[in-house]
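Engineer: This is the structure, below, for whatever I ask next.
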Amino acid sequence: MAKKWLNKVKWDDNGLVPVIVQEVGSNDVLMFAFMNRDALQRTVELGEAVFWSRSRKRLWHKGEESGHVQKVHEIRLDCDEDVVLLKVTQIDSIACHTGRHSCFFQKFEGDVESGDWQTVEPVLKDPSSIYAAKP
């Protein structure tokens, strides 16, 4: 039987919905990803963020390799019902595969002619040590 709450979400033509992940407390935007129905259902069941990896074509439990799990406190649906917001606690403060707190670590500075993207957040942990080959 279809779950009514899942049917309320306006899934795109690929069966996906965009997801914004925001940290509880700081309100920092940590990352952007996609979910399919299974990912959203698993997120609710586990209380941890599960996404759909478009590159791997499979469910991706955030932190499955790095240990940087996202504990979900709240799930919201926007006014058009086509974007999901997760409010999370980010384990070990690292959300980005680059070893940074947020995936949004580049800030535009300057004007239209001479502007450029500047890195404004430090690497908290070397990614090679996060994703080192496991025995």
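Here the Cβ of each residue, glycine as well, is placed from N, Cα and C on the backbone.
According to Swiss-Prot, the protein carries these features:
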- ASP78, ASP80, ASP82: Mg(2+) binding site (BINDING)
- CYS79, CYS96, CYS103: Zn(2+) binding site (BINDING)
Engineer: How many Å separate the Cα atoms of CYS103 (Zn(2+) binding site) and ASP78 (Mg(2+) binding site)?
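Structural biologist: That separation, Cα to Cα, works out to 21 Å.
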Engineer: Can you tell me the three-state DSSP label for CYS79 (Zn(2+) binding site)?
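Structural biologist: Once the DSSP labels are grouped into three classes, CYS79 (Zn(2+) binding site) ends up as coil.
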Engineer: Would you find the one among the binding-site residues CYS96, CYS103 whose Cβ has the most company, meaning other Cβ atoms within 10 Å?
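Structural biologist: Of the binding-site residues CYS96, CYS103, the highest Cβ count within 10 Å belongs to CYS96.
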